[in-house]
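Shown next, in structure tokens, is the structure this report addresses.
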Amino acid sequence: MTSILNTVSTIHSSRVTSVDRVGVLSLRNSDSVEFTRRRSGFSTLIYESPGRRFVVRAAETDTDKVKSQTPDKAPAGGSSINQLLGIKGASQETNKWKIRLQLTKPVTWPPLVWGVVCGAAASGNFHWTPEDVAKSILCMMMSGPCLTGYTQTINDWYDRDIDAINEPYRPIPSGAISEPEVITQVWVLLLGGLGIAGILDVWAGHTTPTVFYLALGGSLLSYIYSAPPLKLKQNGWVGNFALGASYISLPWWAGQALFGTLTPDVVVLTLLYSIAGLGIAIVNDFKSVEGDRALGLQSLPVAFGTETAKWICVGAIDITQLSVAGYLLASGKPYYALALVALIIPQIVFQFKYFLKDPVKYDVKYQASAQPFLVLGIFVTALASQH
């Protein structure tokens, strides 16, 4: 109302329209709308048509007094380290390169890097020579900064509406980085990752570009996870399993294919471990319940409620690892099975200490405490699966 400077404003229309459902009056020929703003603070809207007169009188509200319920700035005391790692609690940044790094979420790279290590170990053909070390580092760059960075950037792009509800101060919804800049980053990271995959195939002497196919398949999976029309993340089960497979199976397969040969038993074992990855992915869903519910995304905390979802989460993580330990025991590898069980126990302790108490408040603390034992368990399984 503060934009109306004249005492009386009158609007006439020239064609027939309708009245919409949100209170906007559309006019037809010979209709008129008169808006009167008085010094008393009251305003009058008069709508007239042949045979009808509609009057609305209301008190004026100063728009400066109406404030959004959602903060449009990052919480005070945000950390610059959190900003660079791409995790919550980040400070707001104006430097474009720091913002670009934030979008790639470097905190998510280590599991992919570790997956390459596990695959190389499972191949049984990795040697501590300069060439093998260089190949493994290049494979880690492909899996971590390039393709995980691509995945995280494209996910943030398609999550911009949810982030506008949950965290409107994040780089994309806040406008700190423009649409063309985001799209450019997506393409640079994707093409960079696929290019490195092709180089690795040539370096390894592959007649079939296995690493390239894995990188291409993983990139496609990342896209349909985040983007419509499929948008796998809309379904808590399918989306989180796809995420788990991306973080555990794909980098393992890439590392093993680079130094050896993928075998059916390893494929099955890593896909089984991806169910644990599903549980890990659910941990991140609790902080987005409000936005997911508003936009109709059926994450497991939305579909089942927080209490049920947190037990599904820990069940997926623990039962999967115990099943793998049972598989190793049945395969005649009792010491590896025992080592894996020893690594599961502290995870259960931290689940009860942090996650099951409050999955929103303690999600970061739980992951920092428990996940090192999970990734060590994956490495133990890789050593047990050496070919």
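Here the Cβ of each residue, glycine as well, is placed from N, Cα and C on the backbone.
Feature annotations, courtesy of Swiss-Prot:
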REGION    62-81  region 'Disordered'
TRANSIT   1-57  transit peptide
TRANSMEM  182-202  transmembrane segment
TRANSMEM  210-230  transmembrane segment
TRANSMEM  241-261  transmembrane segment
TRANSMEM  266-286  transmembrane segment
TRANSMEM  311-331  transmembrane segment
TRANSMEM  336-356  transmembrane segment
TRANSMEM  364-384  transmembrane segment
Intrachain neighbours beyond the transmembrane segment (311-331), with Cβ under 8 angstroms and 6 or more residues off its ends: 269, 272-273, 275-276, 278-280, 282-283, 300, 304, 337, 340-341, 343-344, 347-348, 351, 355-356, 359, 374, 377, 381, 384
Positions on the same chain near the transmembrane segment (210-230), where near means CB under 8 A and six or more residues out: 139, 142, 147, 150-151, 154-155, 157-159, 190, 193-194, 196-198, 200-201, 204, 239, 242-243, 245-246, 250, 253-254, 257-258, 262
Other parts of the chain folded back onto the transmembrane segment (336-356), taken as Cβ under 8 Å at six or more residues beyond its ends: 283, 310-311, 313-314, 317-318, 321-322, 324-326, 328-329, 362-363, 365-366, 369-370, 373-374, 376-377, 380-381, 383-384
